[in-house]
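**Student:** Encoded as structure tokens, here's the structure I'll be asking about.
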Amino acid sequence: MNRTPRTLERKYPCCQMHSQEPLSYEDCEATAQWLLGHIKRQPEIAIICGSGLGMLAETLEGKQTFEYGEIPHFPTSTVPGHAGKLVFGDLQGKFCVCMKGRFHMYEGYPLWKVTFPIRVFKLLGVQVLIVTNAAGSLANSYCPGDLMIIRDHINLLGLSGQNPLLGPNDDRFGPRFPPLSDAYDKKLRKMARDISKRLGYSSFVHEGVYCMVGGPNFESVAEARFLHKLGADAVGMSTAAEVVVAKHCGLKVFGISFITNRVVKEYEGEEEVSHDGVLEIGHMRAATLQTLVTELVGSIDPNNNNLILEEKEASL
Ligand SMILES: O=P(O)(O)O[C@H]1O[C@H](CO)[C@@H](O)[C@H]1O
């Protein structure tokens with residue numbers, strides 16, 4: 001029985017998505033071909049801008065911008081701080097594509113739809129994916145405004161059976177059982193650490209474990225304590241599913257969290273987290289994230305298996 005009334009589907013297109021089959025390889029190809037027909041060359045690096053972090057896309061040179069609504073098969077953004085635009089342009093001499101706004105499961109999208117753009121990026125020729133997000137800190141030593149290079153993740157949804165790779169596997173994307181033990185590329189993490197040192201950022205750039213939860217509510221105190229005990233340093237409602245799909249199709253991944261708030265772990269505390277607060281700290285302090293990602297893009301050679309531009313290698 002179809003439980004979604006037609007009027008609801010018309011008002012909230014994401015409700016309709018639940019009743020659809022996952023998009024196929026051919027659908028991804030159709031989207032990639034449509035984009036390739038509109039852009040000057042193939043992008044090498046894709047960047048996903050997290051909540052309130054979309055200004056990075058504005059720094060691209062020779063920008064070409066597409067509203068998500070005009071791109072075949074693309075979902076639309078419904079969350080404040082996620083503009084819903086795909087921006088192509090040059091950053092540090094590399095042709096990049098930036099998602100100014102990502103999709104989340106709590107918006108009503110199934111995970112295969114949330115992660116659809118990643119497969120399109122692969123078919124566009126992208127080799128490296130940079131994921132950014134806004135996250136709450138669980139680690140006691142992190143402060144709002146800090147950055148966390150993602151060393152690894154806990155995909156809480158994946159562990160409980162909500163995975164973007166559920167269903168028949170299409171080997172043209174990747175294997176049935178992809179390994180995830182090296183999800184966040186070691187070389188890219190080292191490059192980012194070295195760049196942080198050079199920029200004088202070391203005191204507020206950490207490296208840690210990100211945990212993806214479903215949201216949209218922020219964590220209860222007991223949940224926050226549980227996630228911290230599990231080994232998570234920061235928590236958010238995105239990223240891990242995107243990284244699963246990126247690794248499945250053979251992309252190199254770098255991830256970084258912008259710490260927007262402390263997750264409340266004490267019953268006596270006065271702090272309360274809000275999405276407006278997340279966006280506000282993003283606007284105030286995200287320049288550091290932007291500088292670090294820009295420098296990283298400048299140091300990457302996407303066509304070298306080693307990933308490092310030779311002339312930069314000596315200075316790192
Ligand atoms: O992960 P991004 O998209 O950066 O956004 C984070 O910020 C929102 C909550 O304020 C949630 O969507 C959470 O995941």
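Even glycines carry a Cβ here, placed using N, Cα and C.
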**Student:** Of Ser220, Ser238, Ser274, which does TrEMBL put in the phosphate site with Ser51, His82, Arg102, Phe103, His104, Ala134?
**Tutor:** Ser238
**Student:** Roughly how many angstrom lie between the C-alpha atoms of Ser238 (phosphate binding site) and Glu219 (purine D-ribonucleoside binding site)?
**Tutor:** 14
**Student:** Per residue, counting other C-beta atoms within 10 angstroms of the C-beta, which of the binding-site residues Ser238, Asn261 reaches the highest number?
**Tutor:** Ser238
**Student:** Around Arg102 (phosphate binding site), how many other CB atoms lie within 10 A of its CB?
**Tutor:** 24
**Student:** Under a criterion of Cβ-Cβ distance under 8 Å and sequence separation of at least 6, what residues of the same chain contact Ala134 (phosphate binding site)?
**Tutor:** Gly50, Ser51, Gly52, Leu53, Gly81, Gly236, Ser257, Phe258, Thr260, Val278, Gly282
**Student:** Mean pLDDT, the domain 'Nucleoside phosphorylase' (44-297)?
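**Tutor:** PLDDT averaged over the stretch: 95.
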**Student:** Return the members of Ser51, Ala134, Glu219, Ser238, Asn261 (the binding-site residues) with CB less than 6 angstroms from at least one atom of ligand 1, or none.
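**Tutor:** The ones that qualify, in sequence order, are Ser51, Ala134, Ser238.
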**Student:** Give the distance between the Cα atoms of His82 (phosphate binding site) and Glu219 (purine D-ribonucleoside binding site), rounded to the nearest whole Å.
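**Tutor:** A Cα-Cα distance of 21 Å.
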